[in-house]
Structure formats: structure tokens, C-alpha cells
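Swiss-Prot annotations:
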type     : residues                                                   : note
SIGNAL   : 1-19                                                       : signal peptide
BINDING  : 104, 106, 350, 435                                         : Zn(2+) binding site
BINDING  : 107, 198, 199, 200, 201, 202, 203, 204, 205, 287, 320, 436 : substrate binding site
CARBOHYD : 119                                                        : N-linked glycosylation site
CARBOHYD : 179                                                        : N-linked glycosylation site
CARBOHYD : 372                                                        : N-linked glycosylation site
CARBOHYD : 390                                                        : N-linked glycosylation site
């Protein structure tokens, strides 16, 4: 950055003394701008250079087609763009690319909802009730539940019996799937405001929780989530988890320590079967609607979980709609407790997930940094706070960019206009993730990589950009030095194979 400032100073001095445009400096300035872009300073190997040439040929062809048809997926709502992305050769390449770690995903919105409906809801003793607004709630019980109805719900219906009476079970299951996602063919008129989309968004979590919080489903859901991420060529997961009570048919209710032990054991089981996957860590979260006393209690619990599960517990965060919840400053007395006690509790705060400016909610980006956050979730408002932006750079605190989430939750419509476009151009530390892919109708993080590469990064984003994003996911993870080295080793082997396949085999006619 000092080099850039030096060049700009010389240019301004020259412009002050000369009346003619300094066209002789144009190429140098463009080259300088390209060099400071995210990944711009990476020197590609010969094989990577060949692979990059093929990648950019494919990307250029898709840009040209978009200009001809007027259909450019990053400029469209994801629900409409999704089938176009699935047909994209660029997307196919990104799916095959080893992406390192997925660092921003939420516990009950990782695995495709098809699995929940086609597997969990077909398990014995699964009951359903219908809400007044057309939604559903689930409960496992034996014998049949008496009472225990959520507000505004019908009587409990045993799904096994109900399905036997249906003429079209497939259509019924499609209806259940719709209740677990936000997918719609016409997103614009059906989603009028941020408050409404957040109401539906959190409703999908509530619906899913009735299935996932049943202990047998809880275990398999996490294992299958790891499998789906693995199939998307992800080598490591950091998952935000609220650790709600998990129940058994006999009435036993498990606490947060039980859930953490299950996450640890299932992750170890998956790694045992897939040694080219490093594992998972958990970021314990509570809702930002909770009051100071409740957050204080949660912080104390987080410290206990850190002590009990040092190998899998990564830290603490607050979740939920920022505009409607408490700000970090309002909860600072609770969040300052670990530092006052001399206890290490890393923070991974959601901050600045808002369109507002000059309110408590967008000042969360500054307060997150003052609270020594390890990463910033979303950070959509960071551009409006130059001091926080510079502090983030100085402290080397990355933003977790989740493009599809930001679009679906109505922060931005055309992803070419996402604030991360500016941050990428400046070389700001960033990682890519997918937040809640199952609710958005996505899987893994390849869809978000596509939006980042094609839309936010613009035409000049290339293999260096992708490599830097993957490397950042390792560099800025919560892993120890040894863990990062091991993950780098796993990723590098896969990266080298990916480059070889792309350079030598993929679309040989290019």
C-alpha cells in the first residue's frame, strides 16, 4: 500500500504542473491496481498458468453469453439464477476445486433439506402438526404426544400413518421441503421486506429443529453435513451452533456438553473414514435478542465448553437479525468478562449485516474489532466506517463473505454491487462461505464461490483470486499452527491434482 501511495503522490504532483493527460502512466497504474487485488501478488506455476488460461477462457465465454442474452446470474436473485449456475462450466470447475475450510455455516442449515424429509421424517414415531399460517412443526414421541402443541398448531399427526392415506406422497414431501427453505419461483413479490424474510428465515430453523433435535437425527445430520461438504471439495468446517436441548424418546433431554461430545465424536468418525478431511470446530452461539443476564450466562458457559472441549470448541458468537437485536456495545459488560478473568475465549462476531448507517447496528463492525474478534461475519457495513475498515486491515481481521445470504436476506440485489467488490479490489483479507445453504437451496460453498468469482470479483478475478480465497480459509481458521500446517498439506495435494486435471484434461478443445 505504501508503494501505491508513492505512485499516487507523484501522479498528483505531475498533474498539478502539466496540462496534458498523463497517458504514459496508464499502463503502470492499471498494473499496480491489478497487483493489489485479492491474490494479485500470487505468482502462478507453469501448470497453474495453463489452468488459469483455460479457466479464464471459459469465464470469458460465459461473460460474452451473458452480455448477449442479458442473463447474468450474479445480477439476478439466486432463486432465479440457481438453474443457470448449475449449467455453468465455471461452476463445474469451482465445484471440483479444493476450497480449504468453510468458516461460516450454521448448525441446522448445512445439509440439503431433501435428506431431512426423505430420511428423518420417515423415521418411526415422527409426528407433524400444521400451523395457522400453513407451516409445519415436527416432534418424535412414543407413545403419541398428548398436548405439547406449539402455539397455533393442529393436533399431532403420525407421519407414517398419514402418508399411507395420501394419493401423492411425492407432492406432500415437496410441500415439507418448501417449509424448510425460502425457495420460491417469484422471490421479489413474495418477499416484501427484510423483517418478513427474516421471519420466514428463522421459521425455517424452527421447523428443522423439530427433526434435528431428536438425538438419532442430531447425530446423523451432522455426519451427513460433513459428507455433503466433503463432496463439495471442502476439507474443514467451522460451524456456528446454538446447542439447543436434544431429546430422546424416553424423555431424556441432553445438554450442551452432550451435544459438543457428539459433534466431537461424529467429526472423529468422519475423519476416520475420510482421512483427507481434517475435521470440524464449533463456535457456540446465542441469539442477540437475549438480554444482558442471559448473554452473561452464555459467556460463562462458553468458557466452560472451551475448557471441556479444547480440541473442538473454537469460540463464541451472537446470531440473529442485527437490526432487531442488541448491539455488541449494549452487551459489552458480558462480552468483556473473559478478558477481565484472564480467560481465552475467541470471538467470531456477526457484525454490520445491515443496510443502515449511523445506528448502533452498523457500529457493531467497530465494536467487534474493539472486542478483539478473530473474524467478522459478513461485515456488510464496513465500507461506511473507514476507521473500522483501516483497523480491520491493521489487525489482519478478515471478513466472512456470504454473497447468497446477503442477497436473499435483502441487503443487495445485484451482487456486482456488493461491498466486497471494493474490498477485493483493495486486497482486504476475506474468506467465502455460505451461511445457511440448505435454506437458500444451495449445497456446500461452491455456489457462493461462483457469485464471488463471477459477480463480486468481476471480469479480472482469476485463478490467483480463487487460490488466495482457499489459502485464506486456512490462514484465518481457528486451527492451531500444527492444524493449519496439516490442513495446508491436505489441501495442497488436492490443489495440485485439480490444477493438473484443469490444465491437462478439462475441455481439451479449449
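Glycine too: its Cβ is placed from the backbone N, Cα and C atoms.
Positions of the features from Swiss-Prot, shown on the structure.
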residue : record                      : Cβ contacts under 8 Å, 6 or more apart
104     : Zn(2+) binding site         : 238, 240, 377, 400, 402, 431, 433, 434, 435
106     : Zn(2+) binding site         : 239, 240, 241, 285, 319, 435, 436
107     : substrate binding site      : 212, 222, 239, 240, 241, 242
119     : N-linked glycosylation site : 220
179     : N-linked glycosylation site : 135, 136, 204, 207
201     : substrate binding site      : 182, 409, 436, 439
203     : substrate binding site      : 135
205     : substrate binding site      : 108, 109, 439
372     : N-linked glycosylation site : 339, 347
390     : N-linked glycosylation site : none
Surrounding the recorded Zn(2+) site, with Cβ no more than 8 Å from the Cβ centroid of 104, 106, 350, 435 and those residues left out, we find 105, 240, 319, 377, 378, 400, 402, 405, 433, 436
Whole-Å Cα distance, residue 320 (substrate binding site) to residue 350 (Zn(2+) binding site), is 9
Cβ contacts within 10 Å for residue 320 (substrate binding site), all chains included, total 20
Rounded Cα distance in angstrom between residue 350 (Zn(2+) binding site) and residue 199 (substrate binding site) is 18
Across all protein chains shown, the one of the binding-site residues 199, 350 with the most other Cβ atoms within 10 Å of its Cβ is 350
Other C-beta atoms within 10 angstroms of the C-beta of residue 435 (Zn(2+) binding site) total 28
Span of the recorded substrate site, as the biggest CA-CA distance among 107, 198, 199, 200, 201, 202, 203, 204, 205, 287, 320, 436 in Å, is 18
Residue 119 (N-linked glycosylation site) -> DSSP, reduced to three states, gives coil
